[in-house]
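Before any comments, here is the structure.
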Amino acid sequence: MPEEGSGCSVRRRPYGCVLRAALVPLVAGLVICLVVCIQRFAQAQQQLPLESLGWDVAELQLNHTGPQQDPRLYWQGGPALGRSFLHGPELDKGQLRIHRDGIYMVHIQVTLAICSSTTASRHHPTTLAVGICSPASRSISLLRLSFHQGCTIASQRLTPLARGDTLCTNLTGTLLPSRNTDETFFGVQWVRP
């Protein structure tokens, strides 16, 4: 008859089976908790508003122009208007007010209504200016553009803006801006502190 085993008995720890039986579900539970936490964190990040991520941004469309004596352009923004939005900055009587210090990209495009290259040169000088109009202590011109012989001008620049700065846009001359949102728009984007 063949011999079974070596004849030496190996003592097993009585809690070994219990330890194995408890360890497997514990590790599995930790892995499941980790996966669930990562998924919830990713969902929370996707649902954060742009302001909390550090993105102050606005894209505005022309609302209306003031009286003939007032060269100021008034803007509007919001999701009900289509591609127009405000995240961070706000509108104050049609002018854009900044809520966070930093370097911003300011951009604008204005197309003159009922314009051809010959009418643009006849009504020279028609000028568009963008500047900080309030507070008065920080009043400064940021962009000044002439239409010369064209009907559309567009420009952008990086500039430092401070909390409370209000940006104003002025159109001097006899021609009016187009209300078409593809032709006339104004916006800012926070770039860095």
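For all residues, glycine too, the Cβ spot is worked out from N, Cα and C.
Feature annotation from Swiss-Prot assigns topological domain 'Cytoplasmic' to 1-17.
Taken from Swiss-Prot, the feature transmembrane segment covers 18-38.
If you look up Swiss-Prot, you'll see 39-193 marked as topological domain 'Extracellular', on the strength of sequence analysis.
The domain 'THD' annotation in Swiss-Prot covers 56-191.
Residues annotated as N-linked glycosylation site in Swiss-Prot, with sequence analysis given as evidence: Asn63 (among others). The Cβ of Asn63 (N-linked glycosylation site) lies under 8 Å from the Cβ of Tyr74, Trp75, Gln76, Gly94, each of these being in the same chain and 6 or more residues away along the sequence.
Marked as disulfide bond by Swiss-Prot: Cys115-Cys151 (among others). Around Cys151 (disulfide bond), taking its Cβ as the centre, 19 other Cβ atoms fall within 10 Å, counting all chains.
Feature annotation from Swiss-Prot assigns disulfide bond to Cys133-Cys168 (among others). In the three-state DSSP scheme, Cys168 (disulfide bond) falls into the strand class. Other Cβ atoms within 10 Å of the Cβ of Cys168 (disulfide bond), summed over all protein chains shown, number 20.
The number of other Cβ atoms within 10 Å of the Cβ belonging to Asn170 (N-linked glycosylation site), over all protein chains shown, comes to 17. What Swiss-Prot records for Asn170 (among others) is N-linked glycosylation site, and it gives sequence analysis as the kind of evidence.
Looking only at Cα atoms, Cys151 (disulfide bond) sits nearest to Asn170 among the recorded positions Cys133, Cys168, Asn170. Cys115 (disulfide bond) has a Cβ environment of 19 other Cβ atoms inside 10 Å. In the three-state DSSP reading, Cys151 (disulfide bond) counts as coil. Of all the recorded positions in the list Cys133, Cys168, Asn170, the shortest Cα-Cα distance to Cys115 (disulfide bond) is found for Asn170. Within 10 Å of the C-beta atom of Cys133 (disulfide bond) sit 19 other C-beta atoms, taking all shown protein chains into account.
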